[in-house]
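Colleague: Submitted below is the structure of interest, expressed as structure tokens.
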Amino acid sequence: MVSHEDLAVRTLGPCRIDSPLAERLVARETTQHSVVEEDRILFDDTISMAGGRGLPVEQLPSLEPGGPRKRIYFDPAKTRVGIVTCGGLCPGLNDVIRGLVLELSRHYGVRRIVGFRNGYRGFVPRYGEDVVDLTPEVVMHIDDEGGTILGTSRGEQDPDEIVDALERLNINILFVIGGDGTIRGAMDVVRVVGERGLKVAVVGIPKTIDNDIPYIDQSFGFQTAMAEATKSIHAASVEARSAPGGIGLVKLMGRHSGFIACYATLAKDDADYVLIPEVPFALDGERGLLQHLRRRVQERGHAVVVVAEGAGQEYIEGEEPGRDASGNVRFGDIGRLLRKRIVEHLDAHGVENNVRYFDPSYAIRSVPANPFDSAYCLRLAHAAVHAAMAGRTEVIVARRRRRFVHMPMPLAVSRRNHVDPLGDLWLSVLEATGQPVRFE
Ligand SMILES: Nc1ncnc2c1ncn2[C@@H]1O[C@H](COP(=O)(O)OP(=O)(O)O)[C@@H](O)[C@H]1O
Ligand SMILES: O=P(O)(O)OC[C@H]1O[C@](O)(COP(=O)(O)O)[C@@H](O)[C@@H]1O
Ligand SMILES: [Mg+2]
């Protein structure tokens, strides 16, 4: 249960400097579309959850609103900013970089902005990475391309070496664009900054196509990645419907969460089965997937199976799951295993089958952001600049229930966002595919 204390935002100190945006901050008030900076946003959004706390309303857990403050902590003329992108690629990384640079330079008059190359290793001398001067001219059109102009990496780095670089370059604000690993790394940086008594704001923009960041509406890039995934599902459906016993099989990224598989299926309502890490499934047996799939192919002549890469790992034999440089699990290939088991099962029952296996893998995350994610990335970047200039630190900016908020980093990494097997998203998938609630 998230408490009031979990939502407290750290600041570097009082805001005494008039914001350059002050004249734009006309008499705002809290409405359904905006929140004044003195107000807060309730965390619970149902009567039962809020009422269940038995607390007076002002003690209910609440989040600090995002957005520009009338007074800021940093003097823009003396502020130097660093930006880093870490972890896997995600549509919109360049949009966030671009948004940060344009907001800082155009609206706050911050002139010195550098990009660190290839993730956190960009701070560490032994990698010999140069920093990149970021100006509006440099970033103006980078959002046309996928990936990140700064490069990224995985693998832990020494936070003391990162803070050494911040001190050498006299950086006052660091924006980290990354997922749970990056945010954990940023918390180590915040710890060392505090130990050294430095006044450096560290603000995160949460990133992952997996949508596994908790308590936020959706991570940027997720919508673009799932839209890209629908192309493979549609192709699988065309192939399946074009051959006797046609079976289209699509494996999608998402690591431990099945959101991409679920939403891509709902968007392109062509799939007969969706398999996700959150819902175990029996392969064999009278009520197993293979029997059900065989009957579906016999009755209908074709079928499409969408499998999230983290599903069914219990069936991967002889392969110890690897780990990447950051310690994230590297899965066995459930798509290849399913293809093998489906062909064996249908052959054994004399059912003609033509299985077409699609693994778009990196293709769904290396594309440029779609217009929704581009706009979302720009707004996240604006919120991140407002938060940092106001001296907020050890926070991520996030969109929650349609409002931009400051979420403490410890909360952002306290758990992983998963598809709820009892939730409405999974129910919609079951309704769309017609698959049984359980294969057991
Ligand atoms: N548990 C951790 N503690 C501290 N830093 C971490 C941790 N996990 C990852 N990092 C740092 O964050 C970077 C990105 O993490 P990774 O898990 O690869 O991607 P993501 O941030 O997208 O989850 C790594 O290169 C590493 O420097
Ligand atoms: O890029 P790698 O190291 O091959 O990792 C692939 C993994 O990265 C992801 O794309 C997500 O990466 P991040 O969480 O680091 O953004 C997963 O969906 C996928 O399993
Ligand atoms: Mg991660």
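Cβ atoms are placed via backbone N, Cα and C, with glycine included.
Unlike curated entries, TrEMBL annotations are predicted automatically.
Okay, so TrEMBL annotates it like this:
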DOMAIN    80-387  domain 'Phosphofructokinase'
BINDING   G88, R154, G155, G179, D180, G181, T182  ATP binding site
BINDING   D180  Mg(2+) binding site
SITE      G181  site 'Important for substrate specificity'
BINDING   T208, I209, D210, M253, G254, R255, E309, Y362, A363, I364, R365  substrate binding site
ACT_SITE  D210  active site, proton acceptor
Colleague: Cα of T208 (substrate binding site) to Cα of D180 (ATP binding site): how many Å, rounded?
Modeller: 9
Colleague: Among the binding-site residues G155, G254, which residue has the fewest other Cβ atoms within 10 Å of its own Cβ?
Modeller: G155
Colleague: Which of the three DSSP states, helix, strand or coil, fits D210 (substrate binding site)?
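Modeller: Looking at the DSSP assignment, D210 (substrate binding site) belongs to neither helix nor strand, so coil.
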Colleague: Are there any residues in the same chain, six or more apart in sequence, whose C-beta is under 8 angstroms from the C-beta of G88 (ATP binding site), and if so which?
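Modeller: Those within reach of G88 (ATP binding site), by Cβ under 8 Å and sequence separation of 6 or more, are T152, R154, G179, T208, I209, R365.
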Colleague: Give the sequence-ordered set of same-chain residues, not counting G88, R154, G155, G179, D180, G181, T182, with Cβ within 8 Å of the centre of the Cβ atoms defining the ATP site.
Modeller: C86, G87, G119, G178, G185, S326, N328
Colleague: Could you list, ordered by sequence, which of these binding-site residues: G88, G155, D180, A363, have a Cβ under 6 Å from ligand 2?
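Modeller: What lies within reach of ligand 2, judged by Cβ under 6 Å, is G88.
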Colleague: Should D180 (ATP binding site) be counted as helix, strand, or coil on the basis of DSSP?
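Modeller: Assignment for D180 (ATP binding site) reads helix.
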Colleague: If H, G and I count as helix, E and B as strand, and all else as coil, what does DSSP give for A363 (substrate binding site)?
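Modeller: It is helical.
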Colleague: Have a look at the binding-site residues (R154, R365) and report the one with the fewest Cβ neighbours inside 10 Å.
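Modeller: Fewest other Cβ atoms within 10 Å, among the binding-site residues R154, R365, is found for R154.
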Colleague: Please give the greatest C-alpha separation between any two of the ATP-binding residues G88, R154, G155, G179, D180, G181, T182, in angstrom, as a whole number.
Modeller: 13
Colleague: What binding-site residues among G155, G179, A363 have a C-beta sitting less than 6 Å from any atom of ligand 3?
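Modeller: List returned for ligand 3: G179.
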